[in-house]
Structures are given as C-alpha cells and as structure tokens.
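Asker: Before I ask anything, here is the structure I am working with.
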Amino acid sequence: MHSWPTPDIPALDGTPVPLALYDTADQQVKPVEVPPSGSGTPVGMYVCGITPYDSTHLGHAATYLAFDLIYRVLLDNDHQVHYVQNITDVDDPLFERAERDGVDWRELGTSQIDLFRKDMETLAVIPPKDYIGAIESIDEVIEMVSTLLEEGAAYVVDDPEYPDVYASINATENFGYESNYDAATMAELFAERGGDPDRPGKRNPMDALLWRAAREGEPSWESPFGPGRPGWHIECSAIATNRLGHSFDIQGGGSDLMFPHHEFSAAHAEAAHGVERMAKHYVHAGMISQDGVKMSKSLGNLEFVHRLTAAGHEPGAIRLGVYAHHYRGDRDWSDEILAAAEARLALWRSAITVATDVQAAVDAVAQLRTHLSNDLDTPAALAAVDAWAEAALKDTGNVSDTADQFDTPEFTPAGRILAAAVDALLGVRL
C-alpha cells in the first residue's frame, strides 16, 4: 500500500544532539540505542496506524506528530530511518461502521485511508517507508501463528463451531514488562479494550486472540488452522518483525495502546522469535481532550484535521498547537490553544524578516536541538524560538505580532537560519 509524498526537509549546519526518549518499559528517559550515524544501517521504527473507519482527529494526529519529531531528530543526527506503519483494514469497528452507514467495509476503509494520507501530507508528516495493511500481511500472520502453535505458545480452543486460536499469556516469562501494570489493572483494561475474558474454552481469561475462526458475514482467509482472520495484536507483531527484524529500535503509538495491544504485540513476537524484547525502546504519546473532555467518538467531540484546514487554519499552527504541551502528557485542545499557536506563528514570521544577529539565530537553533533531543521537550523548544523572535523584534523596534504584511517574507540571513531549523525539526514552514 502506498503512503504519501515526503516533505522537503532542509539540511542544517551545526552540531546535532543525540536523541533521548522516555522508555515506557524502563520508566525513565534514556539515550535511544540506534546504529551509528552514517553506518548505512537504518533505525527501525514501528508505529501503530489507524483503523480506517473515520477521519483523522487531533488525537490521531498528535500521536503521528510526536513520532514525526522523532524521525526529524534522527535525520538531523544523520541516521537513516526505516519507518513502518500498519493499517488495521480488517477489524470489527470497520465492519460495524460500514453496516451502520450502509456501505461496503472495503470501500469505507479505502476512503478513510485516502483521507488519512491527505491529512498527513497536509501536516507535513514524513511518511513510513512501509505502509502495510492487515489484509496484505495475512500470509505473514498465518506464518507467525503457525510458529506459535508449533512452539506451544498458542492453542486452538475446543469449539467445533468456532475453533479460534489463542496465545498463552504464559508464553513469555516477563509478560507485563512493557506497561508495568499490575494484574488487576491488566485484567480491567483487557476487558475494556477488545479482550474476551469470558470466552469459553480459553485456558486463561487473559489469553489473546490470534486467529478468529470464520463467522457468517465476516471476511475470512484460508489457513492451516482453518479459515478466519487475524486478531488485532498479532497483525502488528508480524508486520513489524517481517520488516524490521525480530528485535528493532523503537516501537510506539498512543498511550491507550500500551495495554493490551502493545504488550501482547511484543509478547507474540518474543514468543515466536525467542527474543527478550521486541523493541529496545517503547514510546507512547498521551491522549488529547477537547475543552477538558477526552476526545471520543461516542461523545461526538472530535476535532478533525480536515475541518480545521478547511476552516483556514494553517497546518503549521496545528502542529504548534499540538507541540505547546509535552507529547507524553494527556493534554487539551481548544480554540484558545489554536489561537495562541497562530499568534506564535505570526510572531516567528515577523522576526525572520528583520532579525540581524546571526549568532543569536545559531544559538537559538542549538537550543532547539537540545530541547527536542531531551525527550521531545517541545514546550521548551518553542519557548526558545519565542525568546529569539522577541529579542529580534525588540532589537529592530518592530513589536508587531501580526503577519498580514509578511505573506511573502524576505528572510534575513539570520532569519533564514532559524526558519530552516523550524522547518527541519518542527515541520513548520515559516
């Protein structure tokens, strides 16, 4: 499956700063273990993609914008990046939405994937090298499920009508290491987030579905263990390890995926391939709320990217609004946050046309690099650019924070240095 066009990313002078990120499993900020820069071996990064039954809302976008920063900082450090993202294009929510709307589930999925691509391109998100749907990875899933069955890490339930295949929660010794949740929390989240603890025939209520035996009215594919379709978690295990290797560098997504999805995805891969950790670094982005209430389809309070841009809001302002708070924290979105981001964008655009101190711009870029490399500290990074812009305007006596007269700005040499860094590292075009 194709992704979307790659944005132009300026190359920067100066010294980049190696990236450190909070690791969910180890519960600390630590240097990201990656191949040496210039070695020709890419950094392997896997991020869970969408289930394509609705448009891209700010919660989705915030996650992909966080990993876009990671990609950009790695590029600045002269690393190649092999970025893989999946699309869960066969799953219950997709079927349910298609039935509700009276459309074919394939058509719904195709239309929403197209919208997602457009939103990501609009937001200048660097695309994955491999953008892989669950349907196109069916053979890979079947191979991994077969391996787990052969290793005794999975079993078929004793149900002649629906012989589903499940993974044993005891297949790995350190299950739970990624989320660090206690047993009660895991059981609660498993039931809330797509698990089936009461399914008859399971050996343990927490065993996860690997292969759902064919049901009437659902798509299915032939396999050695009967016709059916993939479970949610095994899809990501297979897609990631078939492209990045049995153990790779960075795995991540939204914090709501930490358990059960990421915990089980890692466990399936580790049991199948005999590795201790599927990823060296587990990274999770916080959730977005709307005016203090968590964004939810059921509440109808989603803010969609395409609606914001259709209303005339610039992609750069949307990015700055998301980056106003740290990626790991749950954070709010409001009209006031967007307005503040637009004012910030105008301030920076004013400064790049009048800034004269080249060394000050170089120093600001160094601060920007330092803050982003410190667990993507975007609030500090944006504040550093703010301080540079305010100083530049103060030096010239121009305190205007409106951008009307800067529709086609002529960058000064100092402004050009800063604008290139903001573009390359933050994905914001000035």
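Note that Cβ sites are derived from N, Cα and C of the backbone, with glycine treated the same way.
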Asker: Of the ranges 4-8, 249-253, 294-298, which one does Swiss-Prot list as motif ''KMSKS' region'?
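Answerer: Per Swiss-Prot, the stretch marked motif ''KMSKS' region' is 294-298.
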Asker: Pick from 50-60, 215-225, 325-335: which range does Swiss-Prot record as motif ''HIGH' region'?
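Answerer: The listed stretch tagged motif ''HIGH' region' in Swiss-Prot is 50-60.
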Asker: Checking feature assignment: motif ''ERGGDP' region' per Swiss-Prot, candidates 36-41, 192-197. Which range matches?
Answerer: 192-197
Asker: Among all the protein chains here, how many other CB atoms are within 10 A of the CB of Cys236 (Zn(2+) binding site)?
Answerer: 33
Asker: Would you kindly list the residues that approach the motif ''ERGGDP' region' (192-197) from elsewhere in its chain, counting only those six or more residues past its ends and only Cβ-Cβ distances under 8 Å?
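Answerer: Beyond its ends, the motif ''ERGGDP' region' (192-197) has Cβ neighbours at 205-206, 208-209, 232, 256, 259-261.
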Asker: Any same-chain residues 6+ apart from His261 (Zn(2+) binding site) with CB under 8 Å of its CB? Would you list them in sequence order, or say none?
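Answerer: Long-range Cβ contacts: Cys48, Arg193, Trp232, His233, Cys236, Gly253.
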Asker: Using a 10 Å cut-off on Cβ-Cβ distances across all protein chains shown, tell me which of the binding-site residues (Thr63, Ser255) has the largest neighbour count.
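Answerer: Most Cβ neighbours within 10 Å: Thr63.
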